[in-house]
């Protein structure tokens, strides 16, 4: 005989539908992180260079890296979240050019080709990507990896 909890979940899934049930049952993110489409995001207002930001993201476990931004909707959700905290400082993301040949890669291994480069961004000797505050964090700049900035981490739930 099914427990009351199992019966309640079955009833909820039948009445509310799978979308509502998935929101109710979605895994929780670490305290201070936010959830969007099977991922948790942590925005950190600490100043770190790009490589130290990536190492700090990895230290949180769960396969966390500097965030990959894979489509316009995800970019919009992130933008709204960050602008709730600040509107002036760039934020590191996980896109970088490790061979310094303009062959950009995501630190989490994502292969999505979505890119939102600011058309005015300079590329010489700049091999790490940041979200641009002048465009509400919806476009990206190439910047020197040694600069110390805020950063955004992401992991899959």
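Even glycines carry a Cβ here, placed using N, Cα and C.
As the structure is a computational prediction, the values presented were derived from the model and not from experiment.
Taken from Swiss-Prot, the feature carbohydrate binding site covers 97, 98, 99, 100, 101, 102, 134, 135, 136. A sphere of 10 angstroms centred on the C-beta of residue 136 (carbohydrate binding site) encloses 15 other C-beta atoms.
In three-state terms derived from DSSP, residue 40 (disulfide bond) belongs to an extended strand segment. Remark: residue 40 (disulfide bond) has 29, 30, 33, 34, 62, 154, 155, 157 as non-local neighbours, by Cβ distance under 8 Å and separation of at least 6 in sequence. Annotation comment: Swiss-Prot describes 29-40 (among others) as disulfide bond.
Around residue 57 (disulfide bond), a 10 Å sphere centred on its CB holds 26 further CB atoms from the protein chains shown. Sequence annotations record features per position, and here Swiss-Prot assigns disulfide bond to 57-153 (among others) based on sequence analysis.
The annotation disulfide bond is assigned in Swiss-Prot to 128-145 (among others) on the grounds of sequence analysis. Packing around residue 128 (disulfide bond) is summarised by its Cβ count: 26 other Cβ atoms lie within 10 angstroms of its Cβ, all protein chains included.
Residues annotated as domain 'C-type lectin' in Swiss-Prot, with sequence analysis given as evidence: 36-154.
Classification of residue 49 (N-linked glycosylation site) by DSSP places it in coil, neither helical nor stranded. Cβ neighbours of residue 49 (N-linked glycosylation site) (same chain, under 8 Å, six or more residues apart in sequence): 145, 146, 147, 148, 149. Taken from Swiss-Prot, the feature N-linked glycosylation site applies to 49 (among others), supported by sequence analysis.
According to Swiss-Prot, the N-linked glycosylation site annotation covers 62 (among others), on the basis of sequence analysis.
Under the heading signal peptide, Swiss-Prot lists 1-22, citing similarity to another entry as support.
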Three-state secondary structure, residue 97 (carbohydrate binding site) (per DSSP): coil
Inter-residue C-alpha distance, residue 97 (carbohydrate binding site) and residue 128 (disulfide bond) (nearest angstrom): 6
Per DSSP, three-state class assigned to residue 153 (disulfide bond): strand
Among 62, 153, the most crowded of the recorded positions [Cβ within 10 Å]: 153
Candidates 57, 128, 153 (disulfide-bonded residues) - the one closest to residue 101 (carbohydrate binding site) by CA: 128
